[in-house]
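Student: Structure incoming, see below.
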Amino acid sequence: MDPMATQCTVLALTDDAVMQTKAVFNLIREVGIDKLEQCEPQIITQATRLGQLPVESSSVDFTIAICKSSEFPGTSLFEEISRVVKPGGTIVIRKALLSLGEDTSKASSALERELLLAGFLEARNLPIKSGASCEGVQHFMVKATKPSWKLGSSFAIKKGTKSLGKVKILGDDDDLIDEDSLLTEEDLKKPQLPPGGDCEVGSTRKACKNCTCGRAEAEEKVEKLGVTLDQLNNPQSACGNCGLGDAFRCSTCPYKGLAPFKLGEKVSLSANFLAADI
């Protein structure tokens, strides 16, 4: 007998009332671990009724779960299996499809996700040599491994040394660039301010007596309308209809007589605004 085989511990779980030892060894042969065939497996039936497996923590090398129900094994049993399996140990689950038309890949992927969420690694589907068991029920099989580290293990993280960049210090002999030489003749020209008109805008915002810039004409148009310059430069409307035109304006609208405009944009008056209509 192989001394390694006698040291291996096999745990077989099922939600059924009975499980034959022959079924356990047949599953071991399908997985391809020959050394486990000489082990004496510990079989636990109706495992769903157990709140805790009667096995010591980290004492099992190989765990087999043959499922009769689709809900087996549940989340609590996955936690128990993770507790009793040794670090680096293996778990193999064989389940039956709910129907002959069910997709095997989808069912296998769902079981693989459950194993990953339970803390196992390298979950993958295994081919079954005998495609169907008795009564024509289709099965699939998934294998996973428990991480090789124990709960509470710690590892030292090596931090790489970060080298500082080299700083070059200029000496007296090094050539320096004159900053003034970088300026062009255009950069040295003094900026010319725009000339002011004869009626610059002041605190009163009124045109002068000899206005030639057109401000007096603009004020004359505003006086005819009965609105202020602020109302023309930034028109606002409480009712929202002032900018639509006279057809939508009320009788007291200050913009009555003006062409339609956009609220918030400066109202432009035509050149012949003061000209008589007839």
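Just so you know, glycine gets a Cβ as well, placed from its N, Cα and C.
TrEMBL lists 45-127 with the feature domain 'Anamorsin N-terminal'. Feature annotation from TrEMBL assigns [2Fe-2S] cluster binding site to C199, C208, C211, C213. Positions annotated as domain 'Anamorsin C-terminal' by TrEMBL: 199-269. Sequence annotations record features per position, and here TrEMBL assigns motif 'Cx2C motif 1' to 239-242. The region 'Fe-S binding site B' feature in TrEMBL is assigned to 239-253. Under the heading motif 'Cx2C motif 2', TrEMBL lists 250-253.
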Student: Let me spell it out: take the region 'Fe-S binding site B' (239-253), skip the flanking residues so only those 6+ beyond its ends count, and list any with a Cβ under 8 Å from a Cβ in it.
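Tutor: For the region 'Fe-S binding site B' (239-253), the nonlocal Cβ contacts are 259-263.
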Student: Along the domain 'Anamorsin N-terminal' (45-127), what average pLDDT does this model show?
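Tutor: Summing pLDDT over the domain 'Anamorsin N-terminal' (45-127) and dividing by its length gives 86.
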